[in-house]
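Asker: Copied straight from Swiss-Prot:
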TRANSMEM  43-63  transmembrane segment
TRANSMEM  75-95  transmembrane segment
TRANSMEM  106-126  transmembrane segment
TRANSMEM  128-148  transmembrane segment
TRANSMEM  168-188  transmembrane segment
TRANSMEM  196-216  transmembrane segment
TRANSMEM  284-304  transmembrane segment
TRANSMEM  323-343  transmembrane segment
TRANSMEM  366-386  transmembrane segment
TRANSMEM  390-410  transmembrane segment
TRANSMEM  426-446  transmembrane segment
TRANSMEM  461-481  transmembrane segment
Amino acid sequence: MSVSDKDFKDIELLPVKSIESKDSIDQCDPLTWPIRIRIINTIIISFMTMLCMYGSSVFMPSIPELCEKFGEPETLVVLGATLYVIGVMLGPLIFSPLSELYGRRPLNIFGYTLFALMQIPTALSVNLAMFVVFRFFSGFFGSVGLGIGAGSLSDMFSKRDRGKYIGIYFLGICLGPAIAPIASGFIAGSSISWRWEFWILLMLSGVSLLAGVVFLKETYAPVLKRKQAKKLLEKQENQKSVEVKISEITESSQQIDPDKSFAEVVHILVTTIRRPLHLLCTQPIMILISLIVGTVYGILYLLFTAFAEVWISQYHFTSGLSGLTYISLSIGQVFAVFVLLPLNQKYWLSAVQKNNGVPEPEFRLPMAFLGCFAIMTGMFIFGWTVQYKVFWFVPLIGTTLVGAGFVMTFNPMNMFIVDNYGRYAASAMAAIAIPRNIFGACFPLFAEKLFERLGYGWGSSLLAFLLVAINFSIAALYMFGKTIREKRPFDHTKY
C-alpha cells in the first residue's frame, strides 16, 4: 500500500515534550527543505548519472585499438558497449523498487561505490572476456542514479517547479554519452593507452562519490517519517501508544522492520521488485511511452556508434578531431535544456491555468512532438550531406538538431511518468529503462551494416521515417492519454 501524509497525522497529536517542533516535522518533507539543499542534491545526483552515461560511450573512439589489443573483430568489441547498456537496463529493476523500501541515499552510495570500483578491473583487462564482464557490472551498478534520480527529484520538487530541475538531471543523462568521446578521442589519437579512459572515469566517479557521502541527503518521505517515528519511540514517555503508531506506519509503508519474519521480508522485497515489470506489462501508457523513448534512445546510440567512422572515412578527420564533432550534440542538448524546456514549462503553466488549476501529465507532451520532428530533420540533414561529402559544418547542423530533439522528446516523456506515478516514479522509470536500454543496446549492432548497404543518406532516412510513426504515437498519447489512464489506473495496493 502507498503511504500518505494522513498515515502520520496522529503522531503530531501525541504528547510531545522535546522533539515535536515545526523544524523537525519539516525535515520529513523534502518539499519544504531550503532550496540550497535541494539544488545541491540535484547537482550531485545529476553528475553521478552523467558519469554513468559517460561510461556507456567512453571507449568508442578506441575500438580499433581494442580490436588490435584483444585480437577480436569490431562486432565483438562493441559488446563492451552493448553489455554495459544491458547492465544499465537491469540495475534500475533492483535499485528503484528497493529505494522505495530502504530510501534513496543508501542505495545511491552503495551502487555508486561499486560503479567506481568496477573501473579498476576494466582498465586492467587482459582479454575481451574480462573487459565485457566488468563493463556489464559497471553499467549495472552505475545505473543506480538512472533508477533513483527522477524519483529523488520528484521527492524534492512540486509539479510546478519540477520541470526545470529534472531538466538539469536529464541534461546529465544526455550529455554523458555525448562528451565522453570528446576526451576519449584525443586519448585514442595519442600515444596514451586506452586504459586511461577508465582511469579518468575512476577519478571522476571518486570525486562525485565523495560529494555524495558528504552532502547527499535522504529524500524519500516514508523513510524520513519512519526515522522521525523511531525518534518519538525513543523519547516519548507513552511508549505503548507510540508503538501502536510505529506498527501502523511500518505496515502501511511496507518498510522493512526488524520484527518482521524472514518470509515477510522476502515477500515485501519480491513484491516491490516485481512492481516495474507489473507496470510495464499491464499499463498501456507505459507500453506506448516505452516504444517512443526506446526508439529515440536507440537512434541516438546508433549515431554514437557511427560517428567516429563517418568523420574518419568521409572527411579524413583524426581520432581527436572526430571526437570533437560530438560537441554538436552537446550544444543542441544544452540549448534545449536552458532555452526550449523553459518554454515548455511556460506552456505547462498556461495549460494548467486554463484547466482550472488541475495539472494533467499530457500537458508535458507538445514539446516531445516538436522534439521528434527535430530529430527527423537532423537525421535527413546529417545523412545526405555526409553521403555527398558536403562541407563538414553542414552535417554538424543536423547533429545539433538531433541533440536538441533528443532532450525535447526524452524530458517530457519522463516528466509525464513522474507526474503520473508520483511516489512510485522510481519504479515506473525502472520499467521504462527495460525497453529503452534494449533498443540502446541493439541499434548500434546493425549500424555498420545499415550504412554499408543503404549508404549514409538512405540509412539515415530510414531512421527518420521510423520517427514519423513515433510522432503519431506521441500525438495519440496527447489526445487519448487521459482516457487510457482513467480506464487502466495503476493499482498500487497490490504492489
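Using the three backbone atoms N, Cα and C, a Cβ is placed for every residue, glycine included.
Provide an account of the burial state, proximal residues and distances for the features listed.
Answerer: Residues of the same chain lying 6 or more positions beyond the ends of the transmembrane segment (43-63) and with a Cβ under 8 Å from any Cβ of it are 74, 77-78, 80-81, 84-85, 88, 108, 112, 115, 119, 138-139, 142-146, 148-149, 152-153, 168-169, 171-181, 184-185, 187-189, 194, 197-198, 201, 204-205, 208-209, 211-212, 215-216, 301, 304-305, 307-308, 319, 322-323.
Tertiary proximity for the transmembrane segment (75-95) is limited to same-chain residues at least six positions away from its ends with a CB under 8 Å from its CB atoms, namely 52, 55-57, 59-60, 63, 66-67, 107, 111, 128, 131-133, 135-144, 146-148, 273, 276-277, 301, 305, 426, 429-430, 433-434, 436-438, 440-442, 444-445, 448.
Proximity of distant same-chain residues to the transmembrane segment (128-148), defined by a Cβ-Cβ separation under 8 Å and at least 6 residues beyond the stretch ends, is recorded for 45, 48-49, 51-53, 55-56, 66, 70, 72, 76-77, 79-81, 83-96, 99, 104, 107-108, 110-112, 114-115, 118-119, 121-122, 173, 426, 429-430, 433.
Long-range contacts of the transmembrane segment (168-188) within the same chain: residues 42-43, 45-47, 49-62, 64-65, 146, 149-150, 153, 194, 196-197, 200, 300-301, 304, 307-308, 319-324, 326-327, 329-330, 333-334, 337, 403, 406-407, 410-411, 414, each at least 6 residues beyond the stretch ends and with a Cβ under 8 Å from a Cβ of the stretch.
For the transmembrane segment (284-304), same-chain residues at least 6 beyond its ends with a Cβ under 8 Å from one of its own Cβ atoms are 56-57, 60, 81, 85, 177-178, 181, 326, 368, 372, 375, 379, 382, 399, 402, 406, 409-410, 413-414, 416-417, 420, 428, 431-432, 434-444, 446-447, 450, 463, 466-467, 470, 473-474, 476-477, 481, 484-485, 488.
Away from its own ends, the transmembrane segment (323-343) comes close to residues 61, 163-164, 167-168, 170-171, 174-175, 178-179, 181-186, 188-189, 304, 307-308, 311, 317, 367, 371, 396-397, 399-408, 411 of its chain (Cβ-Cβ under 8 Å, at least six residues beyond either end).
Sequence-distant contacts of the transmembrane segment (366-386), counting only residues of its own chain at least 6 positions beyond either end whose CB sits under 8 Å from a CB of the stretch, comprise 292, 296, 299, 303, 310, 314, 336, 340-341, 343-344, 347, 394-395, 397-413, 456-461, 463-464, 467-468, 470-471, 474-475, 478.
For the transmembrane segment (390-410), the list of distant contacts is 167, 170-171, 173-174, 178, 292-293, 296-297, 300, 303, 310-311, 315, 317, 325, 328-333, 335-337, 340-341, 344, 367-368, 370-383, 474: same-chain residues at least six beyond its ends, Cβ to Cβ under 8 Å.
Within its own chain, the transmembrane segment (461-481) is flanked in space by residues 285, 288-289, 291-292, 295-296, 299, 302, 361-362, 365-366, 368-369, 372-373, 375-377, 379-380, 383-384, 409, 416, 450, 454, which lie at least six positions past its ends and keep a Cβ under 8 Å from the stretch.
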Asker: Given a Cβ distance threshold of under 8 angstroms, which distant residues of the chain, six or more beyond its ends, lie next to the transmembrane segment (196-216)?
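Answerer: Sequence-remote neighbours of the transmembrane segment (196-216) are 40-41, 44-45, 47-48, 51, 54-55, 58-59, 62, 105, 108-109, 112-113, 115-116, 119-120, 122-123, 183-184, 187.
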